[in-house]
Amino acid sequence: MGRHSSSSGKTEAGGEQYRKEEKHHKHMEKLAKLGAVAAGAYARHEKHEARKDPEHARSHKMKEKIAATVAAGSAGFAIHEHHKKKEAKKHARHAHHHRYNHGCICTCRP
């Protein structure tokens with residue numbers, strides 16, 4: 001059971017579905033930002049440890065580079081989720097129009 005499955009057999013209204021999707025992407029964006037900050041902080045910590053502990057500097061530098069890569073990837077994922085959230089928000093705004101319009105030119109503007 002993923003996030004797309006529904007416990008009841010009923011289909012959701014178009015706007016409701018997009019609002020749930022927007023909320024999901026907003027949550028994922030926040031988690032990705034948090035992951036980027038945490039990985040960046042860990043990278044800074046390992047950089048400090050590399051200077052502080054010259055015997056194990058190579059190991060600390062490798063850990064620093066891995067953490068920096070994770071931070072960059074997490075930041076990229078946050079940007080991706082931000083765009084998905086904007087797209088879902090746009091669809092939610094226009095869901096009323098698309099649901100009731102059925103291809104006709106409608107005079108109502110939600």
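Note that the numbers count up from 1, one per residue, in the order the chain is shown.
Placement of Cβ uses the backbone N, Cα and C atoms for every residue, glycine included.
Look at TrEMBL and you will find 1-10 tagged as compositional bias 'Polar residues'.
Sequence annotations record features per position, and here TrEMBL assigns compositional bias 'Basic and acidic residues' to 43-57.
Summarising the annotation, TrEMBL assigns region 'Disordered' to 1-28 (among others).
Away from its own ends, the region 'Disordered' (40-62) comes close to residues 68, 71 of its chain (Cβ-Cβ under 8 Å, at least six residues beyond either end). The feature region 'Disordered' is assigned by TrEMBL to 40-62 (among others).
The helix, strand and coil residue counts that DSSP assigns across the compositional bias 'Basic and acidic residues' (43-57) are 14 helix, 0 strand, 1 coil.
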